[in-house]
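Working notes, structure below.
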Amino acid sequence: SGSPGNNGAGGKNGYSDYLIEEEEGLNDHNVVIKCAEIQTAISEGATSFLFTEYQYVGIFMVAFAILIFLFLGSVEGFSTKSQPCTYDKSKMCKPALATAIFSTVSFLLGAVTSVVSGFLGMKIATYANARTTLEARKGVGKAFITAFRSGAVMGFLLAANGLLVLYIAINLFKLYYGDDWGGLFEAITGYGLGGSSMALFGRVGGGIYTKAADVGADLVGKVERNIPEDDPRNPAVIADNVGDNVGDIAGMGSDLFGSYAESSCAALVVASISSFGINHELTPMLYPLIISSVGIIVCLITTLFATDFFEIKAVKEIEPSLKRQLIISTVLMTIGIGIVSWVALPSSFTIFNFGDQKAVKNWQLFLCVAVGLWAGLIIGFVTEYYTSNAYSPVQDVADSCRTGAATNVIFGLALGYKSCIIPIFAIAMSIFVSFSFAAMYGIAVAALGMLSTIATGLAIDAYGPISDNAGGIAEMAGMSHRIRERTDALDAAGNTTAAIGKGFAIGSAALVSLALFGAFVSRAAISTVDVLTPKVFIGLLVGAMLPYWFSAMTMKSVGSAALKMVEEVRRQFNTIPGLMEGTAKPDYATCVKISTDASIKEMIPPGALVMLTPLIVGIFFGVETLSGVLAGSLVSGVQIAISASNTGGAWDNAKKYIEAGASEHARTLGPKGSEPHKAAVIGDTIGDPLKDTSGPSLNILIKLMAVES
């Protein structure tokens, strides 16, 4: 039933009387069964990979939890005596052993929540992909709504989970800690560490998995054998589609959850030693959590604008609709924050600022959150401009494919470097404003502001991989050309929204790690970090090098895994008779296994690099050098991450632009298989590990090192 003839609504089901030709194969049951089969294969692959990954990560989690317990509890030989408080030596606080136990518990809570969020997101996405394909038979609007709603489910799930678990943990810990809020919120910090350390493995492991399959499938399928993307004859295609779910969805979910948990924790720690904590005012103390909860309500309203208030009729309305989501949520959220700041905060209060208290008004704190929120919107828009094929940057990259792959690569790299400029200014502005108003607390709430619309951000982000999968399923089920065109249009918008999601993750990671850096400097009692002392300066140099080392590891892992994949795919094409003709089925399982084994094996070294660096530097070289390392890795990591994810997104969309042939210019560059198109495919293949493995993992490197310190 793979032949295109079966998709027309022929008379074979007896419905030909009133079934219009363009309702393509709505009653063709074979297509539905085929889609269901493919969806089951993808779902099983993703589930089995995540379980394998979580087994390894579980062992690591337990080991790291024990380590945390030993490091924090070893004060005076695990004594159960009360200790003098960190910030106020005249009072007595709970013993270090208690802090160690509670930190370990909150670390495990964060880790489990992170894993569950990623896993449930993946489950939803694997249910949604085939449904999106089948809805595409009715038109592009229906398919869009299916994909978008599924993304929204994941976004709300994640935001709500993160908030709920954190709130419950705070209330349970309070039963023991009572009035010692400093100790309580220091123990809660483990929640952010747990969330991010799981995200690291999810992101790196998932990223290596998805890109090994993608690059392998592209190199043999599109470049050597000249068969289309996601062709069922290609043995790596199931692995490729599984990869979209484990890398982009499970990984992205854990990643944003980590940012969210850490910015909440950073804000709470600073607040606990400010007037809120000293005077035990619970409502303003939980201001960060209130912002997030208002964010969930705002995003609920925003989602209705995409699905219920405006119907999407044509392809060109997809991207504006997603962009509208960002604008509406930001505007509504600004109003929401204003109301919350007015109701929940006293009119003036003091914030801890490196040893002394700084007087702050409630409107200043409102501005801190708002500046983070709007910086996020700016980053989103700039990313969209540089990665969407509706604008000149991507069209220029596509145009450079005329003269081959080399110029395509040069233009693409230049585009990525250039796309750093405005986001960096946006981040710099928000840091300046929020720090001058409310010190480190201001930066932490600015990060929260950027993440307050996380549900909408994740909805438009998870929409990308879902529509990517839908296109793959359409191609594999042999559905007609028109449906593939619709899913391709959804997918091109998805590439852009995925890049926007990464932009948010990177921007918030920069703010979060700066806030955590401030918390670390206060906690380690370093009054100033002086660049001119050699200890700090060598730390800066080494720190700035770490993102490059980390990227080298992840890129090389993808390269070597893709090499194995290419060999396997070639072997199958050469040894299985009738594979090219479509009479024999390829062995998908072997390819899935190659990806799984490679990613599990290869995620350990980069993970170890990130987890061990702060420990080694801190123990052997002291806190001053470590403060330099943190600052260095933050400064260089942000640049690489932004440029890598935008370069990759732009190359991918330049290829889509040439394939879609929607404008005169695109048609001169040729149909699929022309020389410019081949050059574009090469750019896309190079961009894959950049945009999906090394770029997005870097923001976790930045945050994780700071929170661990």
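For all residues, glycine too, the Cβ spot is worked out from N, Cα and C.
Pulled from TrEMBL:
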- 56-75: transmembrane segment (TRANSMEM)
- 95-122: transmembrane segment (TRANSMEM)
- 143-170: transmembrane segment (TRANSMEM)
- 285-306: transmembrane segment (TRANSMEM)
- 326-344: transmembrane segment (TRANSMEM)
- 364-387: transmembrane segment (TRANSMEM)
- 408-432: transmembrane segment (TRANSMEM)
- 438-460: transmembrane segment (TRANSMEM)
- 504-526: transmembrane segment (TRANSMEM)
- 532-550: transmembrane segment (TRANSMEM)
- 603-623: transmembrane segment (TRANSMEM)
- 666-687: region 'Disordered' (REGION)
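The stretches the transmembrane segment (408-432) and the transmembrane segment (532-550) are not in mutual contact, being linked by fewer than three Cβ pairs under 8 Å (pairs 6 or more apart in sequence).
Of the Cβ pairs linking the transmembrane segment (504-526) with the transmembrane segment (364-387) and spaced 6 or more residues apart, 3 or more are under 8 Å, so the two regions touch. For the transmembrane segment (143-170), same-chain residues at least 6 beyond its ends with a Cβ under 8 Å from one of its own Cβ atoms are 106, 109-110, 113, 116-117, 120-121, 124-125, 127-128, 131-133, 135-136, 184-185, 188, 191, 195, 249, 253, 256-257, 260-261, 264, 268, 286, 289, 292-293, 295-296, 299-300, 303, 306-307, 312, 318, 321-322, 454-463, 466-467, 470, 486-487, 490, 494.
Residues 145, 148-149, 152, 155-156, 159-160, 162-163, 166-167, 170, 181, 260, 263-264, 267-268, 271-272, 276-277, 321-322, 324-325, 328-329, 332-333, 336-337, 339-341, 344-345, 365, 369, 444-445, 448-449, 451-456, 459 of the same chain lie 6+ residues outside the transmembrane segment (285-306) yet bring a C-beta within less than 8 angstroms of a C-beta in it.
Cβ atoms under 8 Å from those of the transmembrane segment (603-623) belong to residues 53, 56, 60, 64, 197, 200-201, 204-205, 208, 524, 526, 535, 539, 542, 546, 549-550, 553-554, 557, 629-630, 697, 700-701, 704-705, 708-709 of the same chain, restricted to positions at least 6 beyond its ends.
Through the fold, the transmembrane segment (438-460) approaches residues 148, 151-152, 154-156, 158-159, 252-253, 256, 259-260, 263-264, 266-267, 270-271, 274, 287-288, 291-292, 294-296, 298-300, 302-303, 322, 325-326, 329-330, 333, 337, 351-354, 358, 360, 364-365, 368-373, 375-376, 430-431, 497, 500-501, 504, 507-508, 511-512, 514-515, 518-519, 522 of its own chain, all at least 6 residues removed from its boundaries and within a Cβ separation under 8 Å. Within the chain, the region 'Disordered' (666-687) has long-range Cβ neighbours (under 8 A, six or more residues past its boundaries) at 214-215, 218-219, 222-223, 226, 228, 397-399, 401-402, 404-405, 407-409, 412, 647-652, 654-655, 657-660.
Residues of the region 'Disordered' (666-687) grouped by DSSP class, helix first, strand second and coil last, total 16 helix, 0 strand, 6 coil.
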